[in-house]
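Peer 1: Here's a structure for you.
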Amino acid sequence: NVGFKAGVKEYKLTYYTPDYETLDTDILAAFRVTPQPGVPPEEAGAAVAAESSTGTWTTVWTDGLTNLDRYKGRCYHIEPVAGEENQYIVYVAYPLDLFEEGSVTNMFTSIVGNVFGFKALRVLRLEDLRIPPAYVKTFQGPPHGIQVERDKLNKYGRPLLGCTIKPKLGLSAKNYGRAVYECLRGGLDFTKDDENVNSQPFMRWRDRFVFCVEAIYKAQAETGEIKGHYLNATAGTSEEMIKRAVFARELGVPIVMHDYLTGGFTANTSLSHYCRDNGLLLHIHRAMHAVIDRQKNHGIHFRVLAKALRMSGGDHIHSGTVVGKLEGERDITLGFVVLLRDDYIEKDRSRGIYFTQPWVSLPGVLPVASGGIHVWHMPALTEIFGDDSVLQFGGGTLGHPWGNAPGAVANRVALEACVQARNEGRDLAREGNEIIRKASKWSPELAAACEVWKEIKFEFQAMDTL
């Protein structure tokens, strides 16, 4: 007898360890687990820990050649989800040795790569991860971060303004550049390639880059402000992506852009390193995120994708608007906005933050609010997101009845009015509409915008009751 007992044994005998004291170096995960009928939660939780670390479906002879206690994931705590039948939050601790340094790709392949198709589970969602400082320190993180970006742009004390150029597909490069110029001239800080603008037959990437750069330099000369356009470098191969970023750098632009989920974490991390080495800011779009994060009980919550982006690298990331959505979503959106910007985030279950997360000086990421917002939302956005954010008005700029430049003027005037009012100690939540109305007396462009998008009622009371 060699001490090897073949056969299948329950996962919970090895991987469910409720007495385990987590280590400071462990990666901790919170999963929302819905077991199949008849599968006890301990077995389901242990199965998740096993299949995402050292386990397989049967005992194997080679288990004896390693120290499983050192390398196995452990399910160390299970709590039922209030108000849900047969749903549990399962906490799993992974030893740091299971992960390659500086690789978001490897971290995800290990933690979520295999276990989601597991038969014993009906559905599974990764709600949060605690990344230990020992692992955070193996990542470069965002190319520059919030403070360096402000210094590069010479813009302080207010949110930054952006606009996605529409129609997103079909414009020629020259007309696209015209639209960029009008927006920047009117007072925006940035314009943006749509996420699916890459290099299509009607507008090849190189032509677009050249005409957009012409627009940037012309607008800078006229306004005396630094301007940028998020040149989307996303491409079919990593080499082509870097080639586009290199060309952007040669043109002297301040910022490029990447779709980090469709482009992939490996490509994104490479681009992020290139951007830091070459002084480019990196704007990140989250195209495809809803495929992964939309279902409440299956997939990966966006806060995990946001943490992963901060590790992989990006200076801006789209993070929803909060305005007009349900209150619970508001708190949760604020939760991952804080995770993106701050250096140390306390556990706060009301915001969906399952673990205290120290970032040990990893640069922060600016959250980008974009999607269906216009001048009447400005007070709410200023109040909710604060100065360190990018507010992006696509239709809210280009839909102005007088054209792009007046649309940009309207947004800039509204923003400056809100920032001034806030600095004077006024209550943006209560007086928001009044502030915008008053400012529109001095700005015909803003008055016209206010007329088009008529006052909206802010669902804004809940902010104070967090």
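From the backbone N, Cα and C atoms, a Cβ is placed for every residue, glycine too.
Not my notes, these are from Swiss-Prot:
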ACT_SITE  LYS166  active site, proton acceptor
ACT_SITE  HIS285  active site, proton acceptor
BINDING   ASN114, THR164, LYS168, ARG286, HIS318, SER370  substrate binding site
BINDING   LYS192, ASP194, GLU195  Mg(2+) binding site
MOD_RES   LYS5  N6,N6,N6-trimethyllysine
MOD_RES   LYS192  N6-carboxylysine
SITE      LYS325  site 'Transition state stabilizer'
Peer 1: Within 8 Å of the centroid of the Cβ atoms of LYS192, ASP194, GLU195, which other residues of that chain place their own Cβ, given that this set defines the recorded Mg(2+) site?
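Peer 2: The answer, listed by sequence position, is THR164, ILE165, LYS168, ASP193, ASN196, VAL197, TYR230, ASN232, MET257, HIS285.
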Peer 1: Distance check, please: Cα of THR164 (substrate binding site) against Cα of GLU195 (Mg(2+) binding site), rounded to an integer number of angstrom.
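Peer 2: Distance between the two Cα atoms comes out at 9 Å.
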Peer 1: Taking Cα-Cα distance, which of the recorded positions LYS5, ASP194, GLU195, HIS318 are within 10 Å of LYS166 (active site, proton acceptor)?
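Peer 2: Passing the 10 Å Cα cut: ASP194.
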Peer 1: Restricting to the chain of GLU195 (Mg(2+) binding site) and a gap of 6 or more, list residues whose Cβ falls under 8 Å of its Cβ, or answer none.
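Peer 2: In sequence order, the residues whose Cβ lies under 8 Å from that of GLU195 (Mg(2+) binding site) (at least 6 apart) are ASN232, THR234, ASP259, THR262, HIS285, ALA287.
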Peer 1: Counting other Cβ atoms within 10 Å of each Cβ, which of the binding-site residues ASN114, THR164, SER370 scores lowest?
Peer 2: ASN114
Peer 1: Could you tally the C-beta atoms, other than its own, that fall within 10 angstroms of the C-beta of LYS5 (N6,N6,N6-trimethyllysine)?
Peer 2: 8
Peer 1: Taking DSSP as the reference, which of helix, strand or coil describes SER370 (substrate binding site)?
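Peer 2: Note: SER370 (substrate binding site) is in a strand by DSSP.
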Peer 1: Between LYS5 (N6,N6,N6-trimethyllysine) and ARG286 (substrate binding site), what is the CA-CA distance rounded to a whole number of Å?
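Peer 2: Checking the Cα atoms of LYS5 (N6,N6,N6-trimethyllysine) and ARG286 (substrate binding site) gives a distance of 48 Å.
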Peer 1: Which whole-number value in Å describes the distance between the Cα atoms of ASP194 (Mg(2+) binding site) and HIS318 (substrate binding site)?
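Peer 2: For ASP194 (Mg(2+) binding site) versus HIS318 (substrate binding site), the Cα atoms are 12 Å apart.
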Peer 1: Might you list, by sequence position, any residue in that chain lying six or more from ARG286 (substrate binding site) with a Cβ less than 8 Å away from its Cβ?
Peer 2: ASP259, TYR260, LEU261, PHE302, LEU305, LEU309, ILE317, HIS318, SER319
Peer 1: Taking the residues ASN114, THR164, LYS168, ARG286, HIS318, SER370 listed for substrate, what is the greatest CA to CA distance in Å, to the nearest whole number?
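Peer 2: Greatest Cα-Cα span of the listed binding residues: 37 Å.
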